[in-house]
């Protein structure tokens with residue numbers, strides 16, 4: 001089992017240093033009104049050592065199957081955030097410790113899972129941001145069924161490939177464009 005590297009400044013994103021999601025909302029009321037800045041419903045638990053992260057979104061839609069999740073995280077992340085619509089299933093985990101270690105080592109900023117994770121202690125040792133509905137000990141199927149780079153709707157919010165995600169301990173924001181405050 002691989003272990004995660006530790007850095008000197010856990011929880012601090014290289015991109016959105018000390019700007020909070022609350023400050024982003026306060027600074028961009030017009031973007032909220034016109035729907036270009038949306039907040040996900042607060043249904044996710046926080047995992048991983050990086051509590052603040054942001055990056056361009058890559059979308060994936062699967063159900064109780066983690067083959068495509070693993071394939072994405074084997075690619076270079078380049079600071080992106082993988083957003084996985086797992087259908088909200090609470091019957092098995094679609095993300096575990098090994099792919100999270102791989103994601104950290106490949107430069108992904110974070111992973112949002114509308115579903116469950118497992119190997120929580122291992123994930124919590126990784127310098128990457130992970131959000132999921134819950135943890136579950138059972139592993140997912142391995143059929144390779146799913147859709148990549150498609151619009152998804154999770155936590156009451158439609159998310160498209162290429163949009164920007166900003167996450168911290170207050171919540172998760174989706175923006176049509178990269179924001180600066």
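Backbone N, Cα and C define each Cβ position, glycine as well.
Where the annotation comes from TrEMBL, it is an automatic prediction and has not been curated.
Database features (TrEMBL):
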type	residues	note
BINDING	96, 97, 98, 99, 118	substrate binding site
BINDING	119	Mg(2+) binding site
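Annotated features taken from TrEMBL, shown on the structure.
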| residue | record | Cβ neighbours (10 Å) |
| --- | --- | --- |
| 96 | substrate binding site | 20 |
| 97 | substrate binding site | 22 |
| 98 | substrate binding site | 14 |
| 99 | substrate binding site | 24 |
| 118 | substrate binding site | 20 |
| 119 | Mg(2+) binding site | 22 |
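Apart from 96, 97, 98, 99, 118, the substrate site neighbourhood in this chain, defined by C-beta within 8 angstroms of the site C-beta centre, holds 93, 95, 100, 101, 117, 119, 122, 123. The substrate-binding residues named in the record, 96, 97, 98, 99, 118, extend over a maximum Cα to Cα distance of 11 Å. Here the CA atom of the residue listed as 'Mg(2+) binding site' lies 10 Å from the CA atom of residue 99 (substrate binding site).
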